[in-house]
Structures are given as C-alpha cells and as structure tokens.
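Below is one structure, written out as structure tokens; the observations come after it.
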Amino acid sequence: TDFDSKKKRKVAEIYQALNSDPIDVAALRRMAISEGGLLTDEIRCQVWPKLLSVNTDDLPPLPAGKELREDNKDYQQVLLDVRRSLRRFPPGMPDDQREGLQEELIDIILHVLKRNPQLHYYQGYHDIVVTFLLVVGDRLATALVEKLSTHHLRDFMDPTMDNTKHILNYLMPIIDQVNPEVHDFMQSAEVGTIFALSWLITWFGHVLSDFRHVVRLYDFFLACHPLMPIYFAAVIVLYREQEVLDCECDMASVHHLLSQIPQDLPYETLISRAGDLFVQFPPSLLAREAAQQQAERTAASTFKDFELASVQQRPDTVLRQRFRERLRGEERTKSILTKPRTNRFVKLAVMGLTVALGAAALAVVKSALEWAPKFELQIFP
C-alpha cells in the first residue's frame, strides 16, 4: 500500500542520516517531527541519543540500587510515585516484569538526582523517565534523562515553581494570537493555566493513555525547542474551541473541561500546527507578553488599580480591561499587517502540510535557543 511504501522510504532516509559521516542530525530532527515521527522503538533507540547529543559508546555503568537509596532525601516520594505508576506500563505485562521495571525506574531517578544535586525532584518527573525506560532500557534511559533534566526539563527541576509558571505564561499569548475570542473567554472565566501543568511537566505522558501517542510526541519534543510542549498545549485548547466557547463561563467548568484531555486527538495535524505556530509566533515574540502577564499578577502592580476600581466596579474587570487595552494598542498596528496572512497560515497548518513544516522545523531547530533573555543563562548552563 501507499502508506507502507512511504514508511519504508522514511525508514531508509533515517538510516541514511544515521550512517552518514558526520551523522546528519538536522535530517534526523526533520524525520522526528514529520508525519509518523520515528516509527519504531528500535529506531528511537538510535535516534533519540543523537537528538540529545548523548554519546552511546561510553555509557557509565549503573550503580547498585542499595547505596542510592540509603540516604536519599527523595527516596520516599519517588517510591510513592513509582508505586502509583501502574497504568504507565503496557496492559497485560506480567507483574514481576513490571515490578522489575519499577525498581529500575527508582534507580534511574535517584541516580540522576544524586549526580546533579542542583536538580530537584518533582511529581510527574517519573512519568517522563518511565517513557524512556520502556523505549530504550535502563542504561541508555539514564544517560538520556540526565541530559534532558539538565536541558529541556531544567526549569521544572528548580527549587521553586517560578520558572515553570513562567513557561505556562506563554500559553495565553499563543492562544490570543490565533483566536482572541477563545482567549478572552478563558480570561473572563479566570481559568488560569494550571489545567496544563501536568501536560507540560510530564510531556503529556501522564495524561495520554495510549503509549504510541506519548512516544510520538516525545519524538517531536526531543527534536524541537524546549518550549514546544507549551505550543502543543495551546494547539489542543484551540482545537477544542467550540467545546470551550459552549462551556459555562466560570472557572470550575472551564478548568474541568480543559483538564480532561480527549484521547482521540488528531495528533499529526496538531503536531504540524504547533510547529507552524512556533515559526509564526516564536518565543522571543511572546516573551514580552508572557512577562507582562507575570507582572500584571504581582500585587504591587495592581494595588493602585484596586484602590481606583473598588469605587466603581469589580477590580479584576478593570484590571483585565486595562491589560487588554494596553496589549491591543500595541498589537493593533501589528495585526493590521499580519492578520489575514495569519489566518491563511493557520488554515494551511490545519490541513497538515508537514512537508512545509520540515523546512520550518529546521529553522526552528537552528534558532532553538532564543529564550526570553533573562532565562537563557539558567536554562542552558
């Protein structure tokens, strides 16, 4: 069939990139992003290390579990989380095999934390580690997870949630660029972004029940900028536009709706769309708005408004209005120039033009480090 021949062709291209000298990492990134991702776990074992530039020839041996566990401050919490992670293992896996893997999972986590005392364990971290363990086995998983923890996941492993919250602050500006109506509805409902927290910090591993979808997203995220998961979160919300707008406009209803993630999402279309949005609205463009959201929420910057507003009406309405007016003022001039084109792009993206995304993705990858400047130093040591 056509699909099979396409798949065969892709496998051949992946191996060609792996065997070229030097290895063609840019091509591997494109393969990981484009339709179907890396196709098999056998290929992932070879490509994931390249995407994270981990040298597989010289993996350190794993230390014995006992010495890791004895005086580890995180051991009890990790143990609890791993015990609860039953549903992350393939259904039908024999108990003893699963229990063996859970022991390996604990060891990998404690090993990475011990070697990197600057990293702090968070609940949900084990959801990422188990994905690597199931795909590549314990030794390679340890090396990949350590690299990932000091790069892509670095922000989630700070002692406080500040940087994680900062990343969540990108969600609403992305939604606003594409669909101001959904954005304004969510602002009115005051739903915030906490519904997307578990998506972000587990790379959706915790919320998707089909393992195939999880590893497909990992192919995508490993090949892209560390902020890509937040673009993917935005795309899921935008995809559910009608459900959101039909919802009662209050925090509890909208939060409940959004935190229940549908399992039958059109993943390839959404991946393509997230890539396109990243190219159109790169983090550098959104950084100012994300920072502004942060500033608007701090007590000092809002106190004056509360004083003024309490006389007239509910203060939060004034605040929201003021925030929107300022943004809209800045955006209006820009939007006159870009809106029609934006809509066309978005329609194209929805049609899933992953071929175009291939080139775009490359651009994304090359400019992968354009973070909001004040975070650059912390994130990429």
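Cβ coordinates are placed from backbone N, Cα and C, and glycine is handled just like the others.
Remember, predicted model here, so these are calculated numbers, not experimental data.
The annotation domain 'Rab-GAP TBC' is assigned in TrEMBL to 38-225.
The transmembrane segment annotation in TrEMBL covers 191-208 (among others).
Within its own chain, the transmembrane segment (220-239) is flanked in space by residues 28-30, 32-33, 37, 48, 51-52, 151-152, 167-168, 170-171, 174-175, 178-179, 182, 186, 196, 199-200, 203-204, 258, 261, 265-266, 270-271, 273-275, 277-278, 283, 361, 364-365, 367-369, 371, 379, which lie at least six positions past its ends and keep a Cβ under 8 Å from the stretch. Taken from TrEMBL, the feature transmembrane segment applies to 220-239 (among others).
Positions annotated as transmembrane segment by TrEMBL: 345-365 (among others).
Packing against the transmembrane segment (191-208) from elsewhere in the chain are residues 88, 122, 124-125, 127-128, 130-131, 153, 156, 164, 167-169, 171-172, 214, 217-218, 221, 229-230, 232-233, 236-237, 251, 254-255, 258-259, 261, 263: each is 6 or more residues past its ends and has a CB under 8 Å from a CB in it. Across all of the domain 'Rab-GAP TBC' (38-225), the predicted model scores a mean pLDDT of 92.
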